[in-house]
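Participant: Structure incoming, see below.
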DNA sequence: GTATGTGAATGGGTTCACAGCC
DNA sequence: GGCTGTGAACCCATTCACATAC
């Protein structure tokens, strides 16, 4: 194999890793961190996969995207995998976070006080509510939404978390983008429009609940119609892909009235 | 087509709907609800798909799993689709919800005060912290975790939301199952072990952030190594499958010290 | 003419099973 | 002997393109 620079190597590999595998690598990373903390220095694919709730073949394939860091007949060194996954996931650099919408959810996120460990420190909070501006939440004073572009660019925020009602989400998003934010985690039930260089992920509680509802209904229905019906075998461990979705909820928060975090739900 | 009972029909169709489509149906439902609210009575696949951020072929295929409820040359009736999606997702019955772990996140969920609209009323709250027991949060008094099985079965809870630190999650899960809960939404970064008849979905903030980090890193790397490099085109609208994952975080909440909702994060 | 519904083709991801290496 | 790494087979999901119905 020809020599390649570290950056090139990372780039080439990273481009080929399937989306689904990336999500799982993050899972493995957490388990590995736990193992490292309790002094374990080596694992087999069997052990790791069991802890992650996937089968061992999938785990090995996932790890192979990083390169060949295992030892055949032996297993993997925990520390090596941790480093390699961190490298691929881009966790070697800091990602400063801003939370917008200091309502129910936003408050929880802000209070969490900068995500523990190295990685994603919360460095800015925003809301519309005049009563909240300047008030420290989780040790950080809340700024006004109008200042999003300036503050984000000043503090070099790269990640924005949107926890506003759906109606405000797009405008907040635009301001985050104007402030130079590169990725957005969106809790509002809206499909955001962003330029190509910005990455968005959506988390939607309502959809999660509705998916659960579907599975229960499916079971109930098949039991009802078939009389006995075949039981589907135990869950695969990994609930797998979390859905993503959309709503059109009423705001009606309580905690931080003004720009409360949606957690949007609506049925009907 | 031969006549089939409604229950049978729902069961048969439901069994064949791909997992990915279910998640999107929930998205469509929210958009349709919004349209209905503002008085729109009809939509085309083109319009709906645009709003949902998917292409129209996919939308039509998704809707076809429900049956044929559109009119060729015309489009769909909003109200019809709403009813059909609600039927398939099992939203015609109530799903009473319990929230366990009244910390940062749990507080937010509880305070949300029963998810608005028909569907998922929050009917029970649990925590370990003696200072919280009996205290009303979002209008509902907090019960002790030891009472989970009794209270859940008394109140006919069918959905449990776990917002505890990772260490407590499995034991909470076991108690929810003992209380007859059928589905669990898990915010703790742990892979839960459950019997075959219980459905679990996981939401993991840490993993979401790490996936975002990966995409940014990938872009930065390819730009660095290639000099120019090809830009990947604009996001597809739907961020798609939310990942799910795992960590090994420290508890260290602040709000409801005892059994705070993890929002687990750990890097190293 | 227009927009739905759907078989057929394509592509991505998972599983299998075994070759390769300790 | 044991465990990793990976091509090949398989399966699910998306996309295409057109027949079908209004």
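Positions of Cβ are set from backbone N, Cα and C atoms, glycine also.
Model, not experiment: these values are computed from the prediction.
Straight out of TrEMBL:
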{"type": "DNA_BIND", "residues": "B:27-66", "note": "DNA-binding region"}
{"type": "BINDING", "residues": "B:101, B:102, B:103, B:104, B:105, B:106", "note": "NAD(+) binding site"}
{"type": "COMPBIAS", "residues": "B:237-268", "note": "compositional bias 'Gly residues'"}
{"type": "DOMAIN", "residues": "B:90-191", "note": "domain 'CoA-binding'"}
{"type": "REGION", "residues": "B:223-268", "note": "region 'Disordered'"}
Participant: For the domain 'CoA-binding' (B:90-191), report the average pLDDT of the model, please.
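Facilitator: Computed over the domain 'CoA-binding' (B:90-191), the mean pLDDT is 93 on the 0 to 100 scale.
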Participant: Which numbers of helix, strand and coil residues does DSSP report for the DNA-binding region (B:27-66)?
Facilitator: 28 helix, 2 strand, 10 coil
Participant: For the binding-site residues B:101, B:103, which one has the sparsest Cβ surroundings, going by other Cβ atoms within 10 Å?
Facilitator: B:103
Participant: Taking each of B:101, B:102, B:104, B:105 in turn, which of these binding-site residues have a Cβ less than 8 Å away from a Cβ in chain A?
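Facilitator: Near chain A - Cβ to Cβ under 8 Å - we find B:104, B:105.
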Participant: Could you give me three numbers for the domain 'CoA-binding' (B:90-191), the DSSP helix, strand and coil residue counts?
Facilitator: 31 helix, 26 strand, 45 coil
Participant: Using a 10 Å cut-off, grab the number of neighbouring Cβ atoms around the Cβ of residue B:106 (NAD(+) binding site), all chains included.
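Facilitator: A 10 Å sphere around the Cβ of residue B:106 (NAD(+) binding site) contains 31 other Cβ atoms.
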Participant: Suppose we draw a 10 Å sphere around the Cβ of residue B:105 (NAD(+) binding site). How many other Cβ atoms does it contain, all chains included?
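Facilitator: That number is 31.
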